[in-house]
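Listed features, source TrEMBL:
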{"type": "DOMAIN", "residues": "1-58", "note": "domain 'Fibronectin type-III'"}
{"type": "DOMAIN", "residues": "64-159", "note": "domain 'Fibronectin type-III'"}
{"type": "DOMAIN", "residues": "163-252", "note": "domain 'Ig-like'"}
{"type": "DOMAIN", "residues": "259-353", "note": "domain 'Fibronectin type-III'"}
{"type": "DOMAIN", "residues": "359-454", "note": "domain 'Fibronectin type-III'"}
{"type": "REGION", "residues": "457-480", "note": "region 'Disordered'"}
{"type": "DOMAIN", "residues": "460-557", "note": "domain 'Fibronectin type-III'"}
{"type": "DOMAIN", "residues": "561-646", "note": "domain 'Ig-like'"}
{"type": "DOMAIN", "residues": "657-751", "note": "domain 'Fibronectin type-III'"}
{"type": "DOMAIN", "residues": "757-817", "note": "domain 'Fibronectin type-III'"}
């Protein structure tokens with residue numbers, strides 16, 4: 001029956017053999033068969049084929065494989081490929097057999113050992129220079145089919161071919177910013193060439209944006225979102241052992257330009273136009289700047305107005321401006337690919353290049369009367385237009401409002417007599433210049449003047465006298481003149497004359513150098529006698545002189561020294577270490593005394609700064625230390641006597657080290673420390689002591705007490721057998737002083753006692769002159785290892801024991817008896 005049907009069809013009823021031929025079957029159909037035996041009694045059960053049988057032609061060996069090709073040849077290997085036979089003989093191909101024949105030999109030899117189903121095989125281990133030909137056969141269940149046609153003779157040698165390069169891109173490529181671009185091509189060569197990409201002689205690396213893809217025959221460099229920095233000369237190199245080929249492409253990634261470079265410079269400013277200039281953009285976007293776009297805006301409006309978009313120069317005239325208005329200028333750069341961001345200028349006012357005149361310098365007032373004064377000034381810079389008028393103003397010094405002195409123009413003169421002043425009032429004046437542009441700033445005010453008639457010379461000073469003298473100077477004093485001539489007394493002129501001379505010399509050159517009614521005449525010669533006179537001076541001139549009644553002999557006036565102590569020279573002065581010590585006193589005496597500072601009858605420290613002036617002396621020591629303390633004395637001395645004062649200086653510092661540190665009562669876990677207070681407590685009460693210990697094997701000190709006020713301490717919690725060092729430092733309110741340390745390590749062990757008596761002493765042998773003794777160890781060793789036993793003997797009846805010797809063991813032979 002057919003496999004897809006249920007009905008059975010009889011084939012034969014008369015078969016007596018054990019085989020039968022079934023005819024009339026359809027090729028390609030699948031059938032089941034069954035057979036039953038029959039005898040005279042009847043038909044037995046059927047036996048059925050277990051699986052379907054497909055009707056096909058008889059199975060033969062496969063046809064020969066096709067298209068046997070040599071794919072690669074080296075000096076010691078050959079790679080071959082082939083296609084399957086057109087007909088497999090009616091059975092699946094189970095393998096291929098590849099055979100080779102050395103040229104010159106007759107027989108083919110099998111190359112493959114196992115059944116090989118791959119249709120590609122590399123024959124290795126060949127000898128360089130040998131020539132072979134190859135053939136391949138297919139096998140199926142029946143057997144091995146015919147071999148393929150032989151290859152051409154193949155000689156074992158390395159195949160080489162110089163690289164070839166076929167590019168898909170031109171020498172130049174222009175790309176807009178943000179766009180992707182790729183450089184592709186094909187290449188070949190034997191052995192397989194190496195492909196490298198470079199940009200401007202720098203290797204190109206694969207990253208998120210740059211993708212490099214190379215197959216055995218194609219190459220590609222792609223950039224996803226290009227930026228300006230991707231511009232450059234790209235070079236692809238294809239290289240193997242036989243040579244290299246290169247391909248180039250100049251890539252220009254173009255964009256709109258960057259803004260023009262500022263600031264905008266206003267080369268010219270006029271009331272109706274300006275000329276501005278700027279610098280080109282730093283980056284032209286990879287394309288030449290085609291033009292600049294210039295716009296203007298009134299600073300108080302939001303509307304930008306076009307000026308021009310056709311200029312290629314970096315300068316431009318801005319026309320049609322309104323005088324007095326402030327303007328801003330905006331400039332764009334443009335290339336083929338777009339317009340840049342703008343460069344915006346500062347605000348600039350449209351005004352003429354000509355301006356109002358400058359302010360004149362401070363005017364001078366002369367010829368003052370009770371109701372008028374003449375104001376004089378210098379011509380200022382005219383601002384580019386001629387000055388047409390001067391405006392003179394006045395105001396009383398204490399007033400705030402300026403008033404013009406006349407309504408009439410003042411020109412061309414640079415002085416004016418101001419009328420109508422009020423007698424006794426104080427006035428200031430100022431001047432402004434005017435041209436066709438306008439009125440300039442006013443000058444600084446003149447010096448104040450009083451409206452008064454001209455003054456007369458004053459009368460002489462009253463009662464000049466010599467009030468003091470030294471070996472080279474004389475102090476004079478007088479009273480003001482009775483009449484000042486209606487003018488303020490500017491000062492006094494003092495003159496002197498050596499007795500016997502005719503010439504008077506000036507002690508001061510100008511009156512304003514002596515505004516008071518006293519003066520010290522210096523530079524005189526000791527022992528000589530001088531005359532003195534004084535003149536009063538006002539704006540009108542000098543008075544007649546007034547004379548000191550008697551000549552004065554120049555010599556020192558003796559006054560014994562006197563000391564006026566400052567607060568820091570009290571009996572005792574305390575200063576903290578590191579602070580500055582200052583001692584000072586006011587000194588008097590004629591002549592001025594000689595000053596000397598001492599510390600406990602010795603010279604003071606070189607670091608002390610000592611200053612002596614004409615009125616006193618000061619001693620200063622910076623960064624004081626404890627050693628700077630002591631008794632300081634200041635001595636002043638002149639021919640009339642001497643005077644000395646003393647002050648005790650205490651420099652408050654950290655204390656010195658404690659003294660005489662002792663360790664006693666040593667135990668296995670404690671010891672007792674004692675010490676004495678420091679010789680120097682730093683000027684302050686010792687507040688506490690700091691006690692520290694250190695294991696000799698450790699570098700670290702450990703505090704065991706930091707608040708002890710006593711001069712002793714029990715060091716507890718020691719480790720038995722460990723050696724310790726101890727140290728102690730004192731503290732006061734100014735800090736901790738230096739430590740004092742134990743001289744040698746202290747071992748934490750209990751104190752030693754003598755051992756107990758040996759036990760069980762008896763003799764074990766006796767001779768006529770010696771005895772052998774033995775004994776046992778004592779019950780206690782006294783806290784230390786027993787080092788030996790002292791053996792003594794005593795003659796019976798005697799009082800004294802005789803030492804024999806000390807032995808280390810528990811036995812001894814006493815000899816010499």
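Yeah, the Cβs are placed from backbone N, Cα and C, and that goes for glycine too.
Residues 487, 489, 492, 494, 496, 517-526, 530, 532-538, 540-549, 552, 554-557, 590-591 of the same chain, all 6+ positions outside the region 'Disordered' (457-480), place their C-beta atoms under 8 angstroms from a C-beta of that stretch.
Counted as Cβ pairs under 8 Å, contacts with the domain 'Fibronectin type-III' (757-817) are highest for 657-751 among 1-58, 163-252, 259-353, 359-454, 657-751. Note on the domain 'Ig-like' (561-646): mean pLDDT across this stretch is 87. Contact counts against the domain 'Fibronectin type-III' (1-58), taken as Cβ pairs under 8 Å, peak for 64-159 among the stretches 64-159, 163-252, 259-353, 561-646.
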